[in-house]
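The structure appears below as structure tokens.
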Amino acid sequence: MAERSNLYFYYKKDDELEKKLQPLFELARENGFDIVDHADKANIIISVGGDGMFLQAVRKTGFRQDCLYTGITRAEGEAGLYCDFNLERFDEMVHSMMHEELEVRRFPVIETNVNNNTSFYCLNEVSIRSSLIKTITMDVYIDDLHFETFQGDGLIVSTPTGSTAYNKSINGAVVDPKLPCFQVSELASLNNNRYRTLGSSFILGAERTLALQITQDGNDHPIIGLDNEALPIRNVHDVTVKLSDKLIKTIKLKNNSYWERVKRTFL
Ligand code: NAP
Ligand code: MN
């Protein structure tokens, strides 16, 4: 990994963590890596924290395509779907980076457009939820097909790696990130003689576009979540979601496949 030697660490600054990181910085420098003070100068961006911190690291650095991301969890035994390394055993990380015991994996990203305006990227999911006690109503289109009219709490559209997060809590399937696709799951849909939804999650292929038209009935200020960040847009009428051309490249330890991580986290 000789040409990839600028490391940027993304974490919430606190004295204790700062102290814990010093030996890691030292060791990295001794082994020919530079620690840079801005993400723009890095070719490897390392989050320190949990999966939530990894999501922030990717978002705040703009879903960079020209660098690798990886995550370090803080406490021994703390697992993470996005984090291959552990702070207690950081020497392992430096060692494997030196000896190229790493592979690169690529995670699909979804692209969300709100009100035919700006696009946003998500590594976990975009969530559209009623912000009121009342249900939200939206027409759901798959490409040009009017598929269903949803009335309920909201919809979660997740990437494969996001499938173990919010999506899993609402009984969505866990999806292999080797599949370029995205999944739509319901939050408490009403099902009666007026409103009928599929009722199960569905998975759309890479060529599909999901379009949501939110009924302008007063409950048209849903909370839109992009991974762990809320989108500050008030009135929402149109949301489209598709698979992005972007991929997040992460460094992965050998023998630490997606399904090993799923097993380690949940079983
Ligand atoms: P949080 O409320 O602390 O996250 C909830 C948990 O989800 C944390 O334990 C987090 O792990 C974990 N997580 C995040 N991404 C994951 C993934 N891809 N697979 C498995 N677990 C994952 O908030 P956060 O840490 O900022 O994470 C944001 C995510 O929380 C959102 O993207 C959404 O998926 C999820 N969320 C879930 C629910 C729910 O299940 N009811 C509701 C809202 C949001 P760490 O502790 O390692 O950070
Ligand atoms: Mn968290």
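Yeah, the Cβs are placed from backbone N, Cα and C, and that goes for glycine too.
Note: TrEMBL annotation is automatic and uncurated.
Going by what TrEMBL states, the NAD(+) site holds D51, G52, N124, E125, T164, A165, Y166, N167, K168, S169, A188, and the candidate of D37, D40, D153 recorded there is D153. The most densely surrounded of the recorded positions D51, D153 is D51 (count of other Cβ atoms within 10 A of its Cβ). The number of other CB atoms found within 10 A of the CB of N167 (NAD(+) binding site), across every protein chain shown, is 26. Closest by Cα distance to D51 (active site, proton acceptor), from the binding-site residues D153, A165, N167, S169, is A165. Shown are the binding-site residues N124, S169; the one with the most C-beta atoms within 10 angstroms of its own C-beta is N124.
In the vicinity of ligand 1, defined as a Cβ distance under 6 Å, the following of the recorded positions D51, D153, N167 are placed: D51.
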